[in-house]
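Q: Below, the features straight out of Swiss-Prot:
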type: DOMAIN; residues: 20-97; note: domain 'GIY-YIG'
type: DOMAIN; residues: 204-239; note: domain 'UVR'
type: REGION; residues: 662-691; note: region 'Disordered'
type: COMPBIAS; residues: 668-680; note: compositional bias 'Basic and acidic residues'
Amino acid sequence: MRPSESLVETLRIQALSAPSTSGVYLWKDVHGVVIYVGKAKSLRTRLTSYFRCRHDPKTRVLMSRAAALEYLQTQHEYEALLLENTLIKKHTPRYNICLKDGKTYPLLKLTCEPFPRIFRTRQFCQDGARYFGPFPDVQILDSFLKLILRTYKIRTCTTLRKRKNPCLYYHLKRCDAPCCGWVSPRTYQKDIHEITLLLEGNIDATVARLEKRMKRAVRQEAFEAAARIRDDIQAIRCITHKSLVQDMDERARDYIAWSSTGAIVTFAVLRMRGGKLNGRELFRTRSLKNEEEILSEFLITYYSDHTIPPHLFVHSSAGLAEHWLSHKAGTQCTVTLIPLHTFPTPQTPSSTVTTNAPTLAASQNSNAVQDSGLRSCSETSTMHTLQKAHDACTASEGTRENTPHESAHTPHHRAILAMAQLNAHEDITRYLKNRGADDALKELQKQLHLARIPTLIEGFDISHLGGKYTVASLICFKNGAPDTKNYRLFNLRAHDTRIDDFASMREAIARRYTHTPEGYTLPDLILVDGGIGHVSAAQHVLDALGLSIPLVGLAKRAEELFIPNSPTPLVLDRRNPALHMLQRIRDEAHRFAITRNRHLRTKKELVLSFERLPHVGKVRAHRLLAHFGSFRSLQSATPQDIATAIHIPLTQAHTILHAATRSTTAPVREEYKEHEHDPQGESPGPGRKTD
């Protein structure tokens, strides 16, 4: 069963809005079941690749079943690997082949013996030993382990037996022979302590020492030794990275953070179970209460239907809800308060947010976010429940205990809590952006008196340089977002000898709408960059084709809107969201046209530079351009390279190279004075730069 076009478009827009950072993504079917889990170095690049035409059979089947998309942004690709492994083992998706077995990423185990040893393992046991990891890259882990065993004289034997003579490792100076009693436990433990500090992240001294050795090896031209030391430094830095999605703390715990702007509040819940990030939920609602009341109400509402963990981490006071949690759970629920930096409130849908929290974020399908709140929970009933819980706890426990605050593991918990807070903040930012686009389209419908909301808008712009290299750009916006796969460019050669913006606009409109592909949907609105002259030219073509598509022109100088058959332009307030939407479309069309225009000019200048060389005509100039890409690359080439590129004798290649190296003509100019169409239909003056 093929998904509907509207569903595919919704998923594609979600993919386009994904961040260009590493993370994990989940495809779900119509029943909400996870059918595929993947990780990506760039979420946006990876997700948008699913909507291209060419795919292998497996991917085509996957996309035919996909109905929802969810993604989680991570700080490092390393964490994406760990989280992918956890989620695959949790959901066992149908279309995942690897990582579905019980095999996990390896750990480093430091035993608790009198003379401990360190080794790689895949099993975690409650045996008193210390475990570090997991580590997705086994090769880097083995490199790090070899470095440890080279640097510190730690035993590698499985069983420590008393011996009269040490083994070969002692003679290789790789072991202090504790089996012979030649090293005291105290001296041995000093090395173990240094290894522990290294695994806990105290790497500055070790890395500095290795960097000195590497530089000394480079000065002595011992490059192989320097490369090995470089790999050791890289292994240390990778191994000691602290993961926020997996740790060795097996306690069940929840991290709850929230972010708000105005009356809109989003809560993010991260669930850690067995030392792994086991789940993430986002809930959006509206509230005008203070911080303590907002969090208390959410905790009571959420944990009325969910299991209460023994440990809960929040970034603001939970108030009376702390007692209610312990009373409902029947056991002590420890609520730890860890203050965080607050996020700046998003002011506009397109505002850029700068935070002090770690750059580890999560994004979720908006369908999974409960926009209307968790449940219908009135203020009166909530406060009554809080007071009742407080009375019950006071009667059974006496005075209220203080909320636990700082601890030795607070930095790690604060980082996870900051991740939850960033999840909540990004949900609000995304919600405001989507709501802003909807409001702008509705306002646009109102101002232009359109029959329906213009969900599909196509914009045109003309760009040229004094009448040369004339191009027209066509860009498409769907639901207020760019639809880049439907962008088009037109090389307008019919008017390449004179400046005629109106004729260029007529040609672009005609070429777009004369022969439309099968299944093509006409836009709800056409926007042209220009004044009444450009609008009239476009309308003339639409009338000739028998198309009744709403048309509007946006002039740059006064930001006036020109409508066909309207005697006066429409002037909107500079703060009007409809005007902002049209400006965004106009500017995108302008950018797209300018980029193509510059490309044509640069290519022409390069071809002319090659044509000035001896034995080079137009055909050979294009071949040289395709092979070398620039005049500078040609100058640094060999005669053999030139002869091979354009199939000429070696003597001619020597002549071409000699002329190129002696050439004083600038092959490419990066700055140009660009004479484009004027927004009001007037020709630009000499030397005027209009982009």
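Positions of Cβ are set from backbone N, Cα and C atoms, glycine also.
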Q: Summarise the domain 'UVR' (204-239) as counts of helix, strand and coil residues per DSSP.
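A: Its residues fall into 33 helix, 0 strand, 3 coil.
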Q: Do you know the DSSP helix, strand and coil residue counts for the domain 'GIY-YIG' (20-97)?
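A: So the counts come to 33 helix, 19 strand, 26 coil.
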Q: Any idea what the model's mean pLDDT is for the domain 'UVR' (204-239)?
A: 83
